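Record features, source TrEMBL:
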REGION    1-59  region 'Disordered'
DOMAIN    21-226  domain 'Piezo TM1-24'
COMPBIAS  21-54  compositional bias 'Acidic residues'
TRANSMEM  78-94  transmembrane segment
TRANSMEM  243-269  transmembrane segment
DOMAIN    245-332  domain 'Piezo TM1-24'
TRANSMEM  275-297  transmembrane segment
DOMAIN    336-482  domain 'Piezo TM1-24'
TRANSMEM  377-396  transmembrane segment
TRANSMEM  455-476  transmembrane segment
REGION    497-519  region 'Disordered'
COMPBIAS  498-515  compositional bias 'Acidic residues'
TRANSMEM  598-614  transmembrane segment
TRANSMEM  621-639  transmembrane segment
DOMAIN    904-1087  domain 'Piezo TM25-28'
TRANSMEM  929-948  transmembrane segment
REGION    1115-1142  region 'Disordered'
COMPBIAS  1126-1142  compositional bias 'Polar residues'
DOMAIN    1198-1320  domain 'Piezo transmembrane helical unit'
TRANSMEM  1214-1235  transmembrane segment
TRANSMEM  1242-1260  transmembrane segment
REGION    1325-1362  region 'Disordered'
DOMAIN    1401-1638  domain 'Piezo THU9 and anchor'
TRANSMEM  1403-1426  transmembrane segment
TRANSMEM  1507-1524  transmembrane segment
DOMAIN    1675-1946  domain 'Piezo non-specific cation channel cap'
Amino acid sequence: MVAAANITSLEDDSTERNTDHEEEETSGDEEEVEKEDEDEEEERSLPGDPDEEVSTATRAKQLAERLKAKARKVLRDLGRILAISLLALAGITLPSAFSAIYFLLFIGMCTWWACHLPISHLGFNALCVMVGFFTAGHMVCLYLYQSMLAQALFPPHSLWARLFGLKDIIIPGNCSSAFDLNLNADHDWPVYVNPGILFLLYITVATVLKTGCHGTPNQVSATSSSLVPTRKKTVGIECLDRFVIVWSIMYHSWLTFVLLLWACLIWILRARRHAATLCSPFILLYGLALCCLQYVWAMELQPELPTTVGTMSLRQLGLDRAQYPCLRLGAKGAGNESVLKVLGGMVMSSYAKYWIYVCGGMFIMVSFAGKLVGYKIIYMLLFLLCLCLYQVYYSLWRRLLKLFWWLVVAYTMLVLISIYTYQFEDFPGYWRNFTGFTEEQLAAIGLETFALSELFSSILIPGFFLLACILQLHYFHKPFMRITDLEHPIGSNVGMNVEEEDQVTNTDEESEDEGEKQHLTERDHSLPLCLFIHPLFPCSGELMPSKWGLVMDRLLVLSRRFSDILTKVQVFLWRLLELHILKMVAFFSVWVSLEEPSVMNLVLVVLWSLAMPYGRFRPMASCLSTVWVCVIIVCKMLYQLSVVNPVEYSSNCSLPLTNETNLMPEEMVNSSLYKEPVDPARWFGIRKDATVLGYSKNHLIVLMLLVFEATVYRHQAHHYRQLQRSPPTIRALFPGATRDTLDQGLIPCFKYLLNYSFYKFGLEICFLMTVNVIGQRMNFLVIIHGCWLVAIMVRRRRAAIARIWPRYCLFLSIFMIYQYLLCVGIPPALCIDYPWRWNTPVLINSALIKWIHLPDFYTVPNSKNLIADFVLLMCAAQQWKVFECEHTEDWMVAAGENTDHPEPMEGRLFNPAPNFINCRSYLDMAKILVFRHLFWFVLSVVFITGATRISVFGLGYLLACFFFLLFGTKLLVKSSRTRLALWDCLIIYNVAVIVSKNMLSILACVFVFEMQKGFCWVIQLFSLVCTVKGYYDPVSDKTCSLPIEEAGIIWDSICFLCLLLQRRVFLSYYFLHVTAELQASAKQSSRKKKWHQPWLDHAKVLHSGEYYLFESDTEDEEESEEQKPQKQTASQVRHTTDSQNTGDVQYNDKLIQIDGCDFPFSLCRQFFIEELEQSREFYNSQSRLLKLLFAMYNLLAANSELVCYFIIVLNNVVSASVISLVLPILVFLWAMLAVPRPTKRFWMTAIVYTEVMVLVKYLFQFGFFPWNSVYEMTLNEDKPFFPPRILGLEKTDNYIRYDLLQLLALFFHRSLLMRYGLWDHEGPLEEQSPSPESCKDEGKARDEDRGRKEEEEEGDGRVSSTSTLENLEITELDQLEKVSVYRPAQGFFRGILHAEYRTATDVYAFMFLTDVIDFIIIVFGFWAFGKHSAAADIASTLSEDQVPEAFLVMLLIQFSTMIIDRALYLRKAVLGKLIFQVILVFGIHLWMFFILPAVTERKFNQNFVAQLWYFVKCIYFGLSAYQIRCGYPTRILGNFLTKKYNHLNLFLFQGFRLVPFLVELRAVMDWVWTDTTLSLSNWMCVEDIYANIFIIKCSRETEKKYPQPKGQKKKKIVKYGMGGLIIFFLICIIWFPLLFISLVRSVVGVVNHPIDVTVTVKLGGYESLFTMSVQQQSIQPFTEAEYDQLTKKFGDNAVPMQFITLYSYEDIVTAMIEGSSGSVWRISPPSRQEVIKELLGSPVDLTLPCVGFLSGRVLMSIQVFCVLVTYSCILQMVSCLFPRHVPSMFPNYIRAPNGAEAKPVTQLYKDGYLNITLSLMSDRSLNGSGNQEWWDIAIAGCAPSSCGVLPMVIFNDKVSPPSLGFLAGYGIMGLYVSVVLVIGKFVRGFFSEISHSIMFEELPCVDRILKLCTDIFLVRETGELELEEELYSKLIFLYRSPETMIKWTRDMHSRDQDRH
């Protein structure tokens, strides 16, 4: 249609072309014209002539003009397309005589264009003018017909109206409503759409004419090539035939049947192309005739048109009127050549190689679409024969393939003609008479009468299948045969390049890029770039490429790269399929067979079970499987025919007698032998099914996989022949990845593992598959697998295993077939049950039958579990092949050796594996993780395996884990044979556990109920729970619970995997580097840093000094030579230890180890070590994240001791038991107090105790202990002192999690100590001088060092400086210790109190900080330390004058410890601190873990506040121990906050002074516990002076740090920053009460609804007249609707609305007060007369008080309001019983403020309060007891239904929340008085009386005064008390003498100037 719209430009083109061009074929014209145009453009753009060069602006202008012309042309073409489309729509929307003009014009134009006849521009415009005039007239006729006159002349149902399509869209009205327009809704939708389409057609035609006038007649279209239809005969023939078939199927009739026959005849002819060319005009004319006939019958002329011709109905000819004729006509008229061209192009663009897959899919679709009938089975039979022949005999298949396609085409034509003709009325009878079949039999064949939709699906699919087969036969067969010829393959350079690139071992990316660039360059030279660029941007021929040329060049490069990547991926996928397609076929075939065990599937199982281990039979198995699967599919399809009725031959087995079988009645009902009739075919694998495709889907997939397998192998053979080389000997995914490339990086390593992972680890994978089979089944048969596993594992050596492996594979094959035979069983149609179901003395139940895996009709064996057996068989078969290949040279070169020699280095001079210890790449990092740290990970897995399964087997895992943890490091450096022997013992134990659990499964799965009754302890001891589904549902009772979560072999399998991996690590060459590194570390640590440098002479040693020799020098060491040498301080010892820990963990620059020898780094710089340099470069090149991870690991390793302490404390916090309490106490009282560090004895104690604790916990987890029963655990769930719980022996799920973490941390720290030589070293490290001996002469060096040490102790000055007296005392103490029983304890405490190496350390500030944090925790979490104070608040508790005992005790204890700690600190009493530490550690642990749970009745591990307090206290214990170990400082000078003079210390010090009583308490305590001559007042004076001087010193330091030049004004940032903040603060303080009171009630205020409303009316001092109360049920909150109604009521008045808007609907309630008084009027007759008398005596108006009480939720408010009542009214009320009217009595709008008084809302009253009716009611019927009187109030003029209620609307002010009530309660004035004035007084103190303190605060330099104060502290500490008095007097005199103060506080510069 696009080309039809643009045919007008053909004449224009002819003006510029020659006449002979017009007569030639269109395709040739187009090519020549385009070529000429390009040549002309190239000639114009050649830069040869300088005169013809065009500027850039001119080119841009030309480009813009071209774009503009192109856009104009596109718009014009779109307009023409739209016009022709609307012309077609106008013709078919409503068929009529008028619309026929449009239809004929459209068909005529399309036919004219199809005949390749052009239309001139003038002719097209003339046609548009005629169409426009006719359309206008048509619309005028339709418009005029809507009038009454026209419809009267030509009624709607008359012939003329129907012929011309005149419809009464508007129903005419009568004369009275002549102008009313009534739409007639009885017509169909095309009637209403038709006028709109006509209008659009008219507008479009007019627009086209208007825009077409602007174009010149000679204008040539730039896209002329698209205007002339190309004669692509091939596409036209195929698409013409397809369109004709679709037409004939969609519109079933004899006339369209002619088209179907015509198409089939064309395809049968040999010269079909010539025949189609000759027939196409006649087909066109025939189609036009059909369209015209259908158009006539589409008109609304049913009464006039005939319906039959003779006896035949015209409906069979297709001549009838559809409901919507426009849809039918549109479908027929759309088949023009443009659609054919698109469809033909799509078909022809399909690649011939893949079209055969489309045909195969169409085969399946034809065979299984819809109902299964006979002709579809023949289709499938043909398809299966083709596939079988393809699989079995490829060359014969190629020779017969063309014959096969002819047979399929002929058969499909026969099917189409048969089904099509059968749909006519008389043909079913003809078929019955001809064949003699009934209708049912014909329907089974496929001949039946269909509805139109069913006919469409029944014929369309075979029709399309016919087209697909014809296309394959005539167009794609020859190229397909050519590309699939294995003898003469077509060469492919691309494939060769890709394959050659894969063969290269070391691929260089740069060379690949250069090759790509060279290839692209050649391609660019062979193919001009101009051909890829749009015609709008022609080639200019310039030397420099244009912008678009560069873009296209880049696109070509990218497309080339993408194509190369795609080709590589394709080659990789084919190679992957080549390697694994056979495994996929075998696996899926067996899986399908196991899904449906039957005799027919047994053949597949037998074939593949034998073919997997014996590879020579695999091709035969594939062929036989293909044939057999085809037989199965055909049998299944035949069985689905309706002629097959299984009911006729099914067997009904009778139920046996009770004494003949051991089946229970319910088992007999569910047995497949008795529950329903038995179909004999089911045993063979055939049954009836609803959907044939779903039933046969699995076998179809198997067949497709088998065929695909053959395709893969043949494709690869074709591929290798294309490359002209033989297939590789070793087929791998990445041929370039070999053993030589393994160590080049992560990616080469990954490729190598993908290639040869099974080659290297196949044996381990087979073992794992065996364990998987055992875990999946857990029955009798898998015990045999376990025995084979044990038999193979005990051989240990790979060669021995390889000798028995063929027998093992044979066993697996036979065993697989045997198990499948058990699943198939005997035929159930025999109605014979199995012998084990007979009634015999030996009772065999169903569970035992299932466990033994016997065939049975009730407990059918689960065949799906055999898939694990087949996977094991596949792995074993592959491993057999590995055993054969690993001894060949090719495999040894490509994949490496597969040896397991215990001593890999025997017979080798060097290690073939490169050294990875120095970590030069990411692969080295991965190797370190695997070969160094996998051992510890495996031991963790062993620990978890034993801990998660509570059984006697798990205990063995734990013991083994503890053994290897204790001796693991020594084990790693021992000989390989010893290491493997021990490790193999653990593996054998693991396998034995797995086999034992499998054997015990008979007790767990078969006899579990008997075991529960009498042998529950056996269940708990071995964790006997059946893990296989189908036996029973585990049920636990109170007496014997089943350990469901502790059964199974999952963790045993994981442990088995890890153990096998670690064994392979032990046997690898890489592990030798780890062993060498561990041996070197042990050797280095044993030397204690003795450096041996045999190749250096004396001169080089003297000149080898470096900066690191001065790193430990400090100013303290700068002493005179006459002084005695000092002892090494404890800090130096600690620093040495930490530097060793940190420096060795990090990359130590000072020490480098080479082959067991250690050298200083300064010497190593002279010798370039490549590995270390590469390692350093690798670490430096890492990202920041990775460096951060390394730093965190180094930090962890350097502080591993603290990590151990932390985990021990954490374990105690979580466990909270006696058994876990021991280690924290040992940490605080032993480890942290040890000098200089904890000894080996402590760490071994911690390790052994943790292991013993784990074992004890594990033993008490068994369920046979009475306290571990479910009943006891539930009964004592929340009791903290449940004995197993408090002892730590409770049975829990996570009982051992933190113990494992604690063990790992302890062993990690132990490994670090052993690495650095600190494990066996008890005392401090001593420096040794270097020895000139070599590394190998250690004994000689040790002797020489011992002699040298004795000489150095005399003269070097590094020995201890103990005096003779001290030596004598130590000697006496040693003699006493020898005879003392408590010698170890005495020696430990003597070492603490009289440490040889000690440095004074002051950590009191940190201890004080931890105490403060604990104090805060107690204050804010005190509820955690009491029994019934969990929900209390400390503020509310104290406000009630109640002090909780727990809170008081904790506060006093905490405060007392702080006081005592301060006293000990001041007295420097180390012994007292030690005693206090011991008492505190025991006391705190006793309190937290025993007393506190008893008080609170909550477990400690559930009390988070107590846990937090304890954890902070543990930090205090650590700091306290560190203080004891290091000793108190000699001098305690001032506050710790005054050590530095900066802003932070200043602010903290000021905050310290602001705390009430803290400064005074500290000063008094310091005075009490410090030796001094000063009185308390003098002491306080010195402290105050020192504090003020410190503050001044901080100010002066700030002035020095930020100096201000002279005469410079303050900066604005300072003024506005500081001054602005002060102004803002002062303004906030001034307006704080108003803002607070306003916001606290409006923003955060809470609603205060009343809960009780009481109304009382009194008369003077007499009894109340009316009293009534209502509670919450009568107080209703306001709704939004009521609030809107209230605002609407007062919306016109501003004053009420101002009040109402202050409240939301949540703040308002309505109190519904009853009108009758709640109490009787109890007034005595005298009082009543007195009232009347008083009223008569004072005839004036009185005030009637009405008092209402409102009780709110938050506050209490009293409401009082007064009402003026006249005297006469009251008199009438009192004296009469009838109602009286009282005006303005009841206020119904009340405001309830926060204060004590509530008032009526006067803003809401305009004419006063509500009028009421007051009545005195009486009742005399109460048993004659007298007259009862009460008052009744009602609203005057109320409705009768609501008179008994007095509604009172109450506006409640919001109140402040309780949290802010302490401030809001003061009110605005209270806040001003109590807050603002106090703060103002405080602020005034800063801004007033400054002049009085100038003398003492504006001191220029306070250094001398500060030094004087420090001297006072110093002499006091040294005991020079006389000097303290003198210095104090000097300080006092200084402050008394201003002149001296001025001299002392002068600046240093001014002082020097005065001196000069």
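Note that Cβ sites are derived from N, Cα and C of the backbone, with glycine treated the same way.
Packing against the transmembrane segment (1403-1426) from elsewhere in the chain are residues 1432, 1434, 1444-1447, 1449-1451, 1454-1455, 1457-1458, 1461-1462, 1465, 1492, 1495-1496, 1503-1506, 1508-1509, 1512-1513, 1515-1516, 1519-1520, 1522-1523, 1536: each is 6 or more residues past its ends and has a CB under 8 Å from a CB in it. Using a Cβ-Cβ cut-off under 8 Å and counting only residues 6 or more beyond its ends in the same chain, the transmembrane segment (1214-1235) has close neighbours at 1130, 1205, 1208, 1242, 1245-1246, 1249-1250, 1253, 1256-1257, 1285-1290, 1298, 1388, 1391-1392, 1395, 1397-1398, 1474, 1477-1478, 1481-1482, 1485, 1489, 1499-1501, 1514, 1517-1518, 1521-1522, 1524-1525. Away from its own ends, the transmembrane segment (929-948) comes close to residues 916, 954-958, 960-961, 964-965, 968, 972, 986, 1046, 1051-1052, 1054-1055, 1058-1059, 1061-1062, 1065, 1068, 1070-1071, 1073-1074, 1254, 1258, 1296, 1300, 1303-1304, 1307 of its chain (Cβ-Cβ under 8 Å, at least six residues beyond either end).
Residue counts for the domain 'Piezo transmembrane helical unit' (1198-1320) under DSSP, split into helix (H, G, I), strand (E, B) and coil, are 80 helix, 0 strand, 43 coil. Within the chain, the transmembrane segment (598-614) has long-range Cβ neighbours (under 8 A, six or more residues past its boundaries) at 586, 589-590, 592, 620-621, 624-625, 628-629, 631-632, 635, 682-686, 702, 806, 809-810, 812-813, 816-817, 820-821, 824, 870, 873-874, 876-877, 880.
The average pLDDT computed over the domain 'Piezo TM1-24' (336-482) stands at 81.
Here the domain 'Piezo TM1-24' (336-482) is broken down by DSSP into helix, strand and coil counts: 121 helix, 0 strand, 26 coil.
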